[in-house]
Every structure is written in structure tokens, then in C-alpha cells.
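Structure first, commentary second.
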Amino acid sequence: MTEFIPAGTLYHALPSPFPMKRGGVLHQARVAYETWGTLAADRSNAILIVTGLSPNAHAAANQANPEPGWWEAMLGPGKPIDTARWFVVCVNSLGSCKGSTGPASVNPDTGAPYRLSFPDLSIEDVADAAADVVHALGIAQLACLIGNSMGGMTALALLLRHPGIARSHINISGSAQALPFSIAIRSLQREAIRLDPHWNGGHYDDVRYPESGMRMARKLGVITYRSALEWDGRFGRVRLDSEQAADDPFGLEFQVESYLEGHARRFVRFFDPNCYLYLSRSMDWFDLAEYVEERPVAGSAIDNARADARPASAKPQTGVSTADTVLAGLARIRIARALAIGANTDILFPVQQQEQIADGLRAGGADAQFIGLDSPQGHDAFLVDFARFGPAVSDFLQDC
């Protein structure tokens with residue numbers, strides 16, 4: 001069980017006990033975060049970034065850690081998210097292995113890693129933990145809440161469960177619910193990990209580690225993070241040189257196979273498998289349509305107590321999830337301005353889901369805009385296609 005924490009990481013201690021949406025509590029839990037820029041005296045210039053499944057809080061270089069971050073081209077002085085103007089906070093998701101408390105963390109009640117004793121994790125838990133960081137920094141209202149990929153889900157949950165926490169919102173390649181295709185892919189990824197004998201019911205170590213399962217899970221993910229258009233343009237049917245090809249008659253032969261293998265091997269030892277399982281499943285469970293019907297969902301006493309403390313519009317409900325109920329759930333969110341952006345080639349979070357977000361927020365009274373970008377790079381476009389995503393984000397923030 002390993003955590004992978006960047007230098008310069010800051011920590012916020014969550015209330016103890018910290019109740020989880022689906023039952024159970026965390027004791028002495030923490031959230032990892034980093035900051036950029038200077039908070040204005042009136043605390044009106046704060047932006048919060050909530051991330052996808054795998055990133056840490058190190059979105060860009062800063063004084064505490066000058067190493068480039070995972071969103072380096074988007075965040076910094078003079079960049080689309082201009083830290084000469086904005087005070088930016090990026091949090092690592094609760095449940096991760098990159099600083100925030102998760103299955104790889106030590107359970108203070110036992111002195112051993114949580115592993116599978118970690119409570120069921122929901123996107124709402126990730127959102128509530130992020131909101132607690134915002135409040136601890138003395139920020140009453142964010143100028144903008146930015147969420148990408150899984151972070152788009154987290155952002156919507158945050159806005160719904162913590163009304164008034166942000167004046168504006170940018171949702172990048174996110175969604176208001178998990179679609180069947182995405183659920184199916186993630187279920188296969190989790191199955192690949194759990195079928196690796198070294199996973200051993202979550203009890204692995206650095207010597208006996210489910211590397212094969214993690215490698216297969218990552219390959220499946222990478223295939224969905226990009227598009228067929230990009231695969232064709234980058235690799236075609238080009239074969240490896242004879243000295244690069246595997247001797248195994250069913251081994252690596254094409255360049256695209258080699259790319260997937262290399263990408264997977266670079267990932268598998270830098271993300272904890274149990275954390276991967278928990279975060280992956282939290283996305284499958286997320287559905288804003290739960291917040292629409294009138295009859296509350298049955299839950300634990302802790303869950304119900306926490307839900308009772310929130311506005312009625314922010315309590316999960318029962319009912320069949322349809323396009324109409326998702327839109328109705330989105331319409332419960334109160335935000336002044338919003339931008340939903342996606343790539344037209346995204347198969348994991350299809351661009352129609354970002355359009356749905358804009359439609360739903362608009363129904364709730366927001367000045368909401370949708371932009372579908374013609375990027376060939378699929379779901380991961382927001383991480384690489386800065387020529388398209390950068391101006392869209394920059395233009396929106398100009399008026400915040």
C-alpha cells in the first residue's frame with residue numbers, strides 16, 4: 001500500500017468523524033491541496049479546481065514545488081487561468097493515494113492501511129471534502145469552480161450540496177451521471193484488477209502487486225481517453241521494427257500496441273489499485289437524477305442526519321433516472337454563469353453530456369453556455385489540446 005504525494009503538498013484536516021454518504025465515517029481524515037496566486041483581501045478572487053480520477057493536486061509549478069504540473073499550460077501568470085489575477089486552489093480527491101485520505105492511508109483506529117475496510121466512497125463525499133477546504137481557507141464564495149472529467153461530477157455535486165459556494169462554474173468533459181458505456185468500461189477495469197491473483201482481496205504489497213491487472217485496466221482506460229480518429233492519425237497500421245517486436249507470436253506487433261503497453265507500465269506503480277477501485281466505482285454511482293423525486297433515499301442514520309442538515313433541493317432521492325430527471329436535477333443548482341466544454345470525439349464522457357449540463361443549468365436560471373470543440377484527442381483533449389481549450393476557459397474567466 002503506497003501513497004504518492006508531490007513535494008509542497010498542503011493538508012487540511014477534515015472534521016472528525018467525517019460522515020460518508022453511503023454510510024460509515026472517517027476519523028482524522030485529510031485533504032491534500034496546493035495553491036497559486038494571492039488571495040484578495042476580500043477573498044473574492046478564489047478559483048477551485050477539482051480533478052479527474054488520477055491527478056494529484058500539483059496542477060502547475062509553484063513556489064513550493066517548481067516541477068511542472070499536470071495542467072501546466074493552463075494555470076499560471078498570463079495563462080488561461082491567470083494566477084496574476086486569481087487565487088487558485090486544487091484539491092486531491094478524497095479516496096485518492098496522492099495525499100488525501102483513501103484506502104492506501106493508515107486507519108488511525110487500527111494502525112494498518114484501510115484497504116477494503118475504507119467506507120464506500122461517493123462523488124458526494126469527494127465534493128463535501130473539497131467544500132470543507134474552501135471554508136477552512138476563509139472563502140465564503142468562489143469566483144469560479146472548475147471541474148474536469150470526474151471533477152466535473154464532483155463540481156456539480158458540490159454546487160448542489162453547498163448552495164452559493166460559487167458565482168460561476170466551468171465544467172470540462174464532465175457529466176451529471178455515468179452512462180452505461182462508461183460504467184461497462186470501468187467495470188471491466190475493476191474486474192481486471194480483482195482477477196489478478198496478486199490483488200489478493202486488496203491485501204497486496206510492493207513485492208506481490210497486481211501489476212498485470214493494473215496494466216490491463218490502464219490500457220482499457222487509455223483506449224477510451226483518446227479517439228479512433230487520433231489512433232488512426234498517430235499510428236495507422238504501422239508495425240514495430242523487428243528488434244522492437246515481441247518474440248511471442250501473439251505479442252506486440254503494431255506501434256499502437258507498444259504505445260498502450262508503455263503508457264500502462266508508466267502508470268501501474270504510481271497509483272494504488274484499491275484507490276483506483278474506489279474512485280472508479282464512485283463515478284458509476286453518481287447520478288444527479290437522484291435529487292429530483294420527493295421520497296428520500298433510505299440510508300444509514302449518519303447519512304440521513306447529514307442529508308437532513310442540507311437544503312431540501314440538495315438531498316438525494318429515489319426514482320428512475322431519465323434525461324428529464326437529470327435535467328431536473330441540474331436545474332436545482334443555482335449559479336449565475338456557467339460554461340460546459342467538451343470534445344466532439346469524446347467517447348467516455350460524450351459531448352452530449354456537456355450540452356445537457358448547460359441545458360440543465362440554464363433551466364435553473366444560469367447564464368449557461370455550451371461549447372463542443374472539434375478536437376481529435378477525445379476525452380483527454382483538455383489535458384493536451386490547449387490551443388482549443390485554453391481560449392474557451394480564458395474568455396469565460398474574463399467576465400468573472
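Even glycines carry a Cβ here, placed using N, Cα and C.
Marked as domain 'AB hydrolase-1' by Swiss-Prot on the basis of sequence analysis: 45-385.
Outside the region 'Important for substrate specificity' (52-55) by six or more residues, the chain places 70, 92-93, 98, 148-151, 267, 271, 276, 279-280, 283 with a CB less than 8 A from a CB of the stretch. Residues or ranges marked as region 'Important for substrate specificity' by Swiss-Prot: 52-55.
Among the features that Swiss-Prot reports, active site, nucleophile is placed at SER149. In sequence order, THR51, GLY52, LEU53, ILE172, SER173, GLY174, PHE349, HIS379, PHE382 constitute the residues six or more apart from SER149 (active site, nucleophile) in its chain with CB-CB distances below 8 Å.
What Swiss-Prot lists as site 'Important for acyl-CoA specificity' is ARG186, and the listing cites sequence analysis. Residue density at ARG186 (site 'Important for acyl-CoA specificity'): 24 other Cβ atoms are found within 10 A of its Cβ, drawing on all protein chains shown.
The feature substrate binding site is assigned by Swiss-Prot to ARG218, ASP380, with sequence analysis given as support. If you take the C-beta of ASP380 (substrate binding site) and look for same-chain residues 6 or more apart in sequence within under 8 angstroms, you find TYR225, ARG226. Mapped onto three states, the DSSP output places ASP380 (substrate binding site) in helix.
Look at Swiss-Prot and you will find ASP346 (among others) tagged as active site, backed by sequence analysis. The 10 Å shell around the Cβ of ASP346 (active site) contains 27 further Cβ atoms across the protein chains shown.
Around the Cβ of HIS379 (active site), 25 further Cβ atoms fall within 10 Å across all displayed protein chains. Here Swiss-Prot flags HIS379 (among others) as active site.
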C-alpha spacing of ASP346 (active site) relative to ARG218 (substrate binding site), in angstrom: 17
Tally of residues which DSSP labels helix, strand or coil - the region 'Important for substrate specificity' (52-55): 0 helix, 0 strand, 4 coil
ARG218 (substrate binding site): tally of other CB atoms within 10 A of its CB: 25
